[in-house]
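Just dropping this structure here.
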Amino acid sequence: SCDASQLCNCFSMALEFIPPGLTSKITVLNLTHNKIKHIQSQDLQQAVNLRALLLQSNEISSIDEDAFQSLEKLELLDLSNNSLAHLSPVWFGHLFSLQHLHLQGNSYRDLGQSSPFSSLRNLSSLYLGNPQFSVIRQGNFEGIELLHKLWIDGSNLSQYEQGSLKSIKQINHMIINLRNSNIFSEIVRDLVHSVTWLEVTEIKLPVEKKSLVQNSTRPFRIQKLTFKEAFCTDQTISRTIVSLKEITSLKELEAINCVLEGQGIWNTKEIARSGQSFVETITIIKAMIQNFHLFFDLQGMESQINKLKRLTIASSNVFMVPCNLARHFSSLLYLDFHDNLLVNKRLDETICEHSWPSLQTLNLSQNSLKSLKETAEYTSRLPKLSNLDISQNNFGEIPDACEWPKLLKYLNLSSTQIPKVTTCIPQTLEVLDVSGNNLKEFGLQLPFLKELYLTRNQLKTLPGAAPIPSLVSLSVRRNKLNSFSKEEFESFRRMELLDASDNNFICSCEFLSFIHHEAGLTQVLVGWPDQYVCDSPLAVRGAQVGSVHLSLMECHRSLVVSLICVLVFLVILLLVAVGYKYHVVWYLRMTWAWLQAKRKPKRAPPKDVCYDAFVSYSENDSDWVENTMVRELEQACPPFRLCLHKRDFVPGKWIVDNIIDSIEKSRKTLFVLSEHFVQSEWCKYELDFSHFRLFDENNDAAILILLEPIQSKAIPKRFCKLRKIMNTKTYLEWPAGEEQQQMFWENLKGALKS
């Protein structure tokens, strides 16, 4: 049950004895909530380095005298809530390092005839008592000189020997549960020189006639006195006020959950005769006053309040303070009336002219104020007011103009149901809290504002920096903020703290880049990194903003798409260049033409053949073709009918179809070859589309006429069959001499007739 730091946890394991085998390595041993009844000598003998021993909530009724003898390093011993019927000084005799001792909740009735703690020189906190504890004797605390905290359950304490607690020279904080009012006075007399803060619970205040500081000499130490769940009447409270004035060191009085049975009919004359009070701070929380609406106005107490500096009356049904009484709080700096029943009409009486003349801080939160304009007007009567809290009042509306105290620096308007912020808010402010108001925007000009709290609103962006140039701290926690930019952040030149936690952040690339690369941003963000979580994209929802890194595609989608488009374009361009160089387009065209031609009969029916020859020539050779060859052949006897593209192609028909149809309707095809022919694009087409039809059939339908000498290699390589025919078959050459020309025409006519 032990961890790496040698903390051994045996909590609630139904153990009936301390487990054997404890070693010197153990530093903390937790045996709480078991069934241990007895602690024997050998149980803890080896645990010499134990620092904390927790034995509370067992059934321990007996402890061997030397059970703790080896625990010289023990600092915390908790034996509370067991069944110890007595305490032995021998148990603690060797606990020289013990600082915290818990003995409350057992069954002992007293501490014995002497002190059980005489050897505990380093003791800092001591917890004693139980419902059966009834006697405190002189000498019970001998040996203890200084305690940070002393807690005593003396709810049934019936006997206290005077001087029993005097042996303790200094107690910083003492808490005693005490119902016997007679013993209260005796204890206070013993403690005025040693205790700094005395807290008494469940006391029924006595009608004390004797002095609380009887035979005591100044200076006193006690500075703060707290009553919890105490009961008092008009009579006892009057006597208590008089008695406490004798403790000149007392500066602070506190009453929590106390009950006053009365109507405020106090003996003000006796109180006034007893002199000036030295108390500067009074705190009353959850005071129960039956029929509080009948409570008197405390007239006659004016002389007792003019030195008071801090007053808190909270959750106590206060609905007004009489104007005359308010004017006598001449030294009061701090007034807290939160969680009461103040309304605007009664506030006019409570803060009347010349009341609370020195007041600097006023808390009116959680009351029933309805008009912000009236509240501002009434508080403007306080010339020195700088801090005002009017949060959690249901104002509902906010006017465009208000009159405020001229020195107001802090204003809390959180959870007041105001729908917007207007120029009603004073420009003198250094701190403004408008949290919890469902505000959708904030654009007030507040040149001196240093802290702005906009928590729990509906803001979608950070407020503009220009109207609030002095801002040091900004809270936009729990809004509808999706992100904020580098420009927005850097516009707040003095920003030291920014709380943008608990928003639904869209973790875009721009936002993440800003978060990851902005120097010093994480030192400014409050709650970083745990409270900054992505809401979208869906893939990173719930992840901490600081740990999210999006991919290049997610962050630069348009750039990646552009690059892909450029690459595709370059690939297409490359393919076009390669296709042009290697005549890919030609092959595609030829494939299409071949497919088209394959669908048609290999030879046109005789009735469809209407030309003797289709002439394929270059436009640059048209003069020879049209003026020489056509005249010679078409005027021959019998005449030949030639198909020329200029004359015989069907207008509007696709040129490819015209070429194929003309070749198919002609018995022969004449190719007038020249350098111009080889360079002519349309001649290439005519060669292309006749190539499959004529040469694949291995017939003599093609007649080649060489108009001028041309090298075989000048013919494009893709026309391999044409080049082969020129190398293997005879072709006609146009001669220069007239005699040879006559022979040329005879040979050509013979070829056309064959």
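Along the chain as shown, residues are numbered 1 onward.
Backbone N, Cα and C define each Cβ position, glycine as well.
Note: TrEMBL annotation is automatic and uncurated.
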What residue among Cys258, Cys352 is stated in TrEMBL to be the disulfide partner of Cys323?
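In TrEMBL, Cys323 forms its disulfide bond with Cys352.
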Give me the Cα-Cα distance between Cys424 (disulfide bond) and Cys2 (disulfide bond), rounded to a whole Å.
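About 63 Å separate the Cα atoms of these two residues.
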Can you check which residues sit near Cys352 (disulfide bond), meaning Cβ under 8 Å from its Cβ, same chain, 6 or more apart in sequence, and list them in order?
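The answer is Cys323, Ala326, Arg327, Arg381.
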List the same-chain residues at least 6 positions away in sequence whose Cβ sits under 8 Å from the Cβ of Cys2 (disulfide bond), in sequence order, or say none.
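When sequence neighbours closer than 6 are ignored, Cys2 (disulfide bond) has Cys8, Asn9, Ile26 within Cβ distance under 8 Å.
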Just counting, how many other CB atoms are there within 10 A of the CB of Cys402 (disulfide bond)?
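Cys402 (disulfide bond): 19 neighbouring Cβ atoms within 10 Å.
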